[in-house]
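This report refers to the structure that appears directly beneath it.
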Amino acid sequence: MSEMDGLTIATELDRDVTKYPAEKRLKMENSSEEDPDMYNADTSSIMCMKSEMSKTLSKRQLKKQKQKEKWLAYRPVKRAKEKLKLRQKKLDARLNNIKLGPSRKELKHSKMLQSNCNVRIAVDLSFDDIMNDKEISKCIKQLLRCYSLNRRAKDPVQFYITNFGGKCKKEMEKHTGYMNWDVNFHSESYRDIFESKDLVYLTSESDNIIYSLEENKVYVIGGLVDHNSYKGICHQIAQEKGISHGKLPIEEFLEMKTRKVLTIDHVFEILLEVTGGKSWKEAFLHVLPPRKGAVERAEVFKEKLSTVSETQVQSNTEPS
Ligand SMILES: C[S@@+](CC[C@H](N)C(=O)[O-])C[C@H]1O[C@@H](n2cnc3c(N)ncnc32)[C@H](O)[C@@H]1O
């Protein structure tokens, strides 16, 4: 098989899955796995470039470059395989009368404006200066996930991204069309958009436990990826600014082997699931990755929960 065949298969599969019988498709997929070298796009121009580069690049850089080339050549094949798998899944579901989730058509109606959920969640992107490029990129990836989860929800939450500017905005601009997303982007701080009394800054360092989500509150998630090198920074900010703060009721339901500091998208997903009707326990067990080692707690504070009807969040010091 020639080197270009890998790419041809990708576009062919992409164009019309039904064109190939299942047996042939399987053969094509397997053949692409057995012969990874066929993805090497070593045309004469690339060879030329390579020899030029090898004069200037280190061994490590060359290795990285080679891996990137290989990946770029393989990517269309991988995408085609994924599409094929998805189509097959949809076909199976249709044949077996299984509902896979809301259709694209249904999702179009699932806008924040029409949502039955008025809970507001804001991601505070004011940490531009303390994140490096890699962390910024991770942060934006997590935001993409929040957006995509909200879009797929039957009743999306009212989603805000505040302090939107600088490096984070630049990174976001890589994702064309983001400005058309059903998200409220604001260059201003959450403090300029919402009333102070409505704000609840989420932070695992808070002593206040959030037992229920309220429609008149704005839950602020720190848009920060720092591997906890700025431990407690959001708690400190909330205290300094006199903003209410609270933590998720993780300890009330789970024992965790690791830290209880979660990523932005995990916090978002948990809140979204709870607003969608799941219990905290269900949401934690569904969202938290196995590596977090979360196990159900036997003694759930049922009594406590039944007596608490409102978010147990206390206001702190006077606003600065
Ligand atoms: C990766 S964490 C940032 C950790 C950062 N070192 C700090 O002290 O905030 C991202 C955000 O998720 C939210 N978060 C993470 N774990 C949480 C928890 N257990 N309870 C409430 N909010 C949490 C916070 O808003 C936090 O700023």
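Cβ coordinates come from backbone N, Cα and C, glycine included.
Record features (TrEMBL):
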type     : residues                       : note
ACT_SITE : Asp226                         : active site, proton acceptor
BINDING  : Leu202, Gly222, Cys234, Leu248 : S-adenosyl-L-methionine binding site
COMPBIAS : 20-30                          : compositional bias 'Basic and acidic residues'
DOMAIN   : 103-295                        : domain 'SAM-dependent MTase TRM10-type'
REGION   : 20-41                          : region 'Disordered'
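For the pair formed by Leu248 (S-adenosyl-L-methionine binding site) and Asp226 (active site, proton acceptor), distance between Cα atoms is given as 19 Å, rounded to the nearest Å. Other than Leu202, Gly222, Cys234, Leu248, the residues of this chain whose Cβ falls within 8 Å of the Cβ centroid of the S-adenosyl-L-methionine site are, in sequence order, Tyr201, Thr203, Ser204, Ser206, Val220, Ile221, His245, Lys247, Val267. Non-local contacts of Asp226 (active site, proton acceptor) by the CB criterion (under 8 A, 6+ apart in sequence, same chain) comprise Phe127, Ile130, Met131, Glu135, Ile233. For the recorded site, Asp226 (active site, proton acceptor), the DSSP three-state label reads coil. Under the three-state DSSP scheme, Cys234 (S-adenosyl-L-methionine binding site) falls in the helix class. Spatially close to Gly222 (S-adenosyl-L-methionine binding site) yet at least six residues away along the chain are Val123, Asp124, Phe127, Tyr201, Leu202, Thr203, Ile233, Cys234, Ile237, Ile264, judged by Cβ distances under 8 angstroms.
Cβ-based neighbour count (10 Å, all protein chains) for Cys234 (S-adenosyl-L-methionine binding site) stands at 25.
For Leu248 (S-adenosyl-L-methionine binding site), the number of other Cβ atoms no farther than 10 Å from its own Cβ, over all displayed protein chains, is 25. Reduced to three states, the DSSP call for Leu202 (S-adenosyl-L-methionine binding site) is strand.
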